[in-house]
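To start, the structure under review is shown below, and the notes come after it.
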Amino acid sequence: MATAFAPTKLTATVPLHGSHENRLLLPIRLAPPSSFLGSTRSLSLRRLNHSNATRRSPVVSVQEVVKEKQSTNNTSLLITKEEGLELYEDMILGRSFEDMCAQMYYRGKMFGFVHLYNGQEAVSTGFIKLLTKSDSVVSTYRDHVHALSKGVSARAVMSELFGKVTGCCRGQGGSMHMFSKEHNMLGGFAFIGEGIPVATGAAFSSKYRREVLKQDCDDVTVAFFGDGTCNNGQFFECLNMAALYKLPIIFVVENNLWAIGMSHLRATSDPEIWKKGPAFGMPGVHVDGMDVLKVREVAKEAVTRARRGEGPTLVECETYRFRGHSLADPDELRDAAEKAKYAARDPIAALKKYLIENKLAKEAELKSIEKKIDELVEEAVEFADASPQPGRSQLLENVFADPKGFGIGPDGRYRCEDPKFTEGTAQV
C-alpha cells in the first residue's frame, strides 16, 4: 500500500552502518533538481586511490536496510504497535505543549523570545526516542520539544518558561536555555552554532571514557541546529574535529528553509547541506523531515554507527515550521502557498493515518492519547502558575566557584540581600 511513509531513497558508497576509515569521500553526482527542495536526493560518493584513478564503490541504500529488516521481522511495517503509539504520543506532546505556550505567552505568563517547534516534531521524535538516558542532546533556542522528548517533564519545562523556581533551570534559563543534568539535556543555546562545540565536547568525553579510561561507555551525542547555522565557523570546525577523532556524534540539521526571515536558498551558495559531510570524511544524508518513520530509519543507522565507534554522521532533515520565527514574528515574509503546501504534510496527521491504515491503532486509542496529553499540559500550566518565583539572591548562586566569593559576604549572607547592595554603597 502506497503511503507518505514509503522508505526514503538514500544512497552512499559507504553505508551508514559500515566503516569508512581512511577513505576520502567526495560527492560526484546529484539527482536532478526538483521544485521541492525536500524531495529525496540520492547521495553518491567516490573513493580516490593512490593512483588518482576513480573507482565506483558499491552503493547501499536505506531501502535495502529496510527490506532486510522487513524480511527478518516477516512484516512490511517499519514499527510495532507499541513503537507507533510511543512516537504518536511524543509528537502530540510536543505540538500540544507548544500550542499552550502560545496561549500563555499572549496572556503575559512568559517573557522574552519564545520560539515554537510546531511542524518539526518528526525530527525530535525520530531521533531522541531512539536514545538512552545516558546519551546527550544539545539543542538551539527552539528547544522545548527536544527537552520533552529527552524526558524532561512538562512541569519542569513549563515552569522554566514561567520563570519559576520549579523549572529545570530554577527559572533562570527561560525559553532558550533548557538544561537537565539528570536527562543529559545539555542545553538550548540562544546564539546559533554555540551548541555544536558543546556537543562535540560531549562526544569527545564519551570516546575518552571508553578508550582512555577503559570505561564501559557507548554513549552518543545528538546535536540539533538549523540551516542558518551551517554557514557559521563552529559548524565546519566541529565537523572536522568529529571526523578527525571519529567521535560518536550525529549532527542533525533541522532545515526549515528559513533563517528568521532569510530564505535558505538566498543565504548559501550550495543549499544541499548534507554534501558537507562527505567533504569532511563522514556520511552525509538528506531525509524528509516531515516523515517520522523516514527520520527514524536514518537515525537508527547513524546512532548505530556512532555506538560502534565508526564516527559521526551529518543528517539534513528538511522540515518546516508552522509558526513564525518566534511568537513576536507576524510571519508575513513566507508565501501563503508555501505554508499551505507544508501544512498539508503535517507529520502528526501523516503518522496518524499510517497507524490507522496499517491497523496499528484505532481512532479511539489515538483520541485517548490526545486527551491524556491535553490534561498533562494543562496540569503543567497549573503547576507552573502556582510555583514560587525565585528569590533575588538566586541570581548570584552557581556563578562563582568560591562559596565565600563575591556572592556571599563574611556573615554568610548573600551580598545582594544587604540593603546597601541595591543602594550602591555596599563594599564589595
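The count begins at 1 with the first shown residue.
Backbone N, Cα and C atoms are what each Cβ position is placed from, and that goes for glycine too.
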Given that Swiss-Prot assigns Tyr141, Arg142, Ala190, Ile192, Asp227, Gly228, Asn256 to the pyruvate site, pick the one from His115, His183 that the record assigns to that site as well. His115
Including all protein chains displayed, how many Cβ atoms other than that of Tyr141 (pyruvate binding site) lie within 10 Å of its Cβ? 23
Would you mind reading off the Cα separation of Tyr141 (pyruvate binding site) from His325 (thiamine diphosphate binding site), to the nearest angstrom? 11
Please give the maximum pairwise Cα distance, in Å and rounded to a whole number, for the pyruvate-binding set His115, Tyr141, Arg142, Ala190, Ile192, Asp227, Gly228, Asn256. 17
Pairwise C-alpha maximum, in angstrom, for the residues (Tyr141, Arg142, Ala190, Ile192, Asp227, Gly228, Asn256, His325) that bind thiamine diphosphate according to the record: 17
If you count Cβ atoms within 10 Å of the Cβ of Asn256 (pyruvate binding site), leaving out that atom itself, what do you get? 24
Length of the line joining the Cα atoms of His115 (pyruvate binding site) and His325 (thiamine diphosphate binding site), in Å: 6
Return the member of Arg142, Ala190, Ile192, Asp227, Gly228 nearest to His325 (thiamine diphosphate binding site) in space, with distance defined Cα to Cα and candidates limited to these binding-site residues. Arg142
